[in-house]
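Let me begin by presenting the structure, written as structure tokens, before commenting on it.
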Amino acid sequence: MRVLIKNGIVVNADGQAKQDLLIESGIVRQLGTDISPQLPCEEIDASGCYVFPGGVDVHTHFNIDVGIARSCDDFFTGTRAAACGGTTTIIDHMGFGPNGCRLRHQLEVYRGYAAHKAVIDYSFHGVIQHINHAILDEIPMMVEEGLSSFKLYLTYQYKLNDDEVLQALRRLHESGALTTVHPENDAAIASKRAEFIAAGLTAPRYHALSRPLECEAEAIARMINLAQIAGNAPLYIVHLSNGLGLDYLRLARANHQPVWVETCPQYLLLDERSYDTEDGMKFILSPPLRNVREQDKLWCGISDGAIDVVATDHCTFSMAQRLQISKGDFSRCPNGLPGVENRMQLLFSSGVMTGRISLERFVELTSAMPARLFGLWPQKGILAPGSDGDVVIIDPRQSQQIQHRHLHDNADYSPWEGFTCQGAIVRTLSRGETIFCDGTFTGKAGRGRFLRRKPFVPPVL
């Protein structure tokens, strides 16, 4: 199969040029002006459009069981939505397994979830829900098998204490793995939540009030210090929602610590006023939405390079699930928002088209840096000879209003309903195969491949 994309502006993290792009057998073979292939091929005219590397979303939760509910997107509907939004690779955060289970247990479960369903290429982050000698011994074997990042939680049922965190950080560092962490102070949250529940204050706005930004920022600072104690272990903070936590990360970098951070579109574009609407339960997620001042601080980090990655934390529970389970009580509502289909378009519209970020920075945030950090570079995250032919074509001239009835996930609502975006995703190619074109999904379940990722190496830019 040969595909020639002509007349577009090809953009990588290190530059852009108007040139053609030739893909053969799923691999980029040539970039240049006026490419004339000697053999027949499909031609795609990208005149007036940008040709980007396919998006790499390193934070999704498909088919996750959170105890009170299972998310309504599985690895078909979730990756279908990703494909229609210009994302061609996902790394899914595996959910907790049975109490006392080995790391391999969840990997086998999740590979079963994704096989025969995933539309795009995929990998997983391991999850460390308890620490013992068997778990620590298992980590290097998992890295050898292509799982080079693992997640720790400082909140929820399987939160780790400081001693367990230190043990995990040391072994992951020694094994060539990157530690990712959900940082919130669980004890402080539990105290605040109990106060509100005792007072009968269970409306959605009290979800945000029970998880103030200081709970997140304190946990970020603690993880930074523990990583330093653990031998300057590399650390990746997921779903940052506030500026104070970003300040701590800036300080750590000034002290030459290997720390990286992601944020998500919801923290850049939605705010805590959503909790006071009639549909406030739609916006329950953790960390919660913050105020506009915190948004502005995050946008500064996006613009000046302090934030490395924009992912989604896509974790979809339908409004029907939320209402049935919660009965209007925030503390009983399953947490998470949909968004894997909207990430690329939202950041392009609100970042590039407003002048906040360059085209190159857009690529860095959405594909290049995620691929570098998580062992996929240069197979993913770049359009260059030898890389996978993963492409998203965006037409900046088109304006679109987001409406859930046009989306491809399995939810019954979108938090982005009514958002108007400048710039439209017109085509997505995965390894040279068109899987989305002009509003129509054309991929097939099961075509996605499991990606064995390389051990962690700090990116050199």
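The backbone N, Cα and C atoms fix where each Cβ goes, glycine too.
As recorded in Swiss-Prot:
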| type | residues | note |
| --- | --- | --- |
| BINDING | H59, H61, K151, D313 | divalent metal cation 1 binding site |
| BINDING | K151, H182, H239 | divalent metal cation 2 binding site |
| BINDING | Y156, S286, N335 | substrate binding site |
| MOD_RES | K151 | N6-carboxylysine |
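Measuring Cα to Cα from H59 (divalent metal cation 1 binding site), the binding-site residues that fall within 10 Å are H239, out of Y156, H182, H239, S286, N335. Following the DSSP three-state reduction, the secondary structure of K151 (divalent metal cation 1 binding site) is strand.
Sequence-distant neighbours of H239 (divalent metal cation 2 binding site) (same chain, 6+ residues apart, CB-CB distance under 8 A): H59, H182, E262, T263, C264, Y267, P287, A311, D313.
Candidate binding-site residues: Y156, S286, N335. Nearest to H61 (divalent metal cation 1 binding site) by Cα distance: N335. Cβ neighbour count for D313 (divalent metal cation 1 binding site) (all protein chains, 10 Å cutoff from its Cβ): 26.
When the alpha carbons of S286 (substrate binding site) and K151 (divalent metal cation 1 binding site) are compared, the span between them is 16 angstrom. Cβ environment of Y156 (substrate binding site): F96, H182, D186 lie under 8 Å away, each six or more residues apart in the same chain. In the three-state DSSP scheme, H61 (divalent metal cation 1 binding site) is classed as coil.
Cβ contacts within 10 Å of H59 (divalent metal cation 1 binding site), excluding its own Cβ and spanning all protein chains shown: 25. Apart from the site residues Y156, S286, N335, the chain places the Cβ of T155, H182, E184, L285, G336 no farther than 8 Å from the centroid of the site's Cβ atoms, the recorded substrate location. Sequence-distant contacts (6 or more apart, same chain, Cβ under 8 Å) of K151 (divalent metal cation 1 binding site) comprise H93, H125, G126, V127, I128, T180, V181, H182, V238. For the substrate site, whose annotated binding residues are Y156, S286, N335, the maximal Cα to Cα separation is 11 Å.
Of all Cβ atoms in the shown protein chains, 19 besides its own fall within 10 Å of the Cβ of N335 (substrate binding site). Neighbour count (other Cβ atoms within 10 Å of the Cβ, all protein chains): 21 for H182 (divalent metal cation 2 binding site).
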